[in-house]
Amino acid sequence: MKIVVAFVLFLLSGAQDIPITEEEELQYRRALENEGLFQGDILLTPQQEQARISVVTYTPMLWPNGLMYYSVDSSLSKLKPTIVRAIQHIESKTCLRFKESQTAPDRVVMSYKDGCWSMLGKINGTQPLSLGFGCHPFGTVVHEILHAAGMYHEHCRTDRDQYVKIYKNNIKPADADQFDKSPARWE
């Protein structure tokens, strides 16, 4: 037993945070703060912007039979294991299923662009999902894939006040719209 404990302590002694510069830290923080995108990381189509409808109830924007097609651009080849793990995680917790395809006419195309963002729900044709600098943690990958599946931010639900308290005085004025409640017709 002492040997096992000593071995674990030895392994943990090498687990250190990788130092990053102030500029890198700022870039990580900005990755989810994309001006002009709904709630900072959702790219809406003009029709979605105008209607603000919920993909949860709006059938044309749901993935048929809960099957979402996707492809991963070569710019994310090093991130592919994390993407696969994120997809497996979502599949284990939901009824959504994923199939990788370079040719499916309706699919999510994951690539390395500026920031972390996705379209909301199924859009006819190929639709972008960006996992740029600062967007590679497992949770961020899951988050953006879930937007492409049709899920929006929980903290914007109309019933959110029953579950969380939003301290508006702690929100930067430029980010205030990211905490607006979604219209009731979205749910």
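These residue numbers are counts, starting from 1, taken along the chain as shown.
Glycine is treated like the rest: Cβ placed from N, Cα and C.
Computed from a predicted structure; not experimentally measured.
Now, the feature entries from TrEMBL:
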- Glu144: active site (ACT_SITE)
- His143, His147, His153: Zn(2+) binding site (BINDING)
- 54-187: domain 'Peptidase M12A' (DOMAIN)
- 1-17: signal peptide (SIGNAL)
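For His153 (Zn(2+) binding site), the Cβ neighbour count at a 10 Å cut-off comes to 18, with all displayed protein chains included. Of all the Cβ atoms in the protein chains shown, 18 others lie within 10 Å of the Cβ of His143 (Zn(2+) binding site). The DSSP breakdown of the domain 'Peptidase M12A' (54-187) into helical (H, G, I), extended (E, B) and coil residues amounts to 57 helix, 25 strand, 52 coil. Cβ-based neighbour count (10 Å, all protein chains) for His147 (Zn(2+) binding site) stands at 24.
Just so you know, the Cβ of the residue listed as 'active site' picks up 26 other Cβ atoms within 10 Å once every protein chain is counted.
Calculated from their C-alpha atoms, the gap between the residue listed as 'active site' and His153 (Zn(2+) binding site) amounts to 11 Å.
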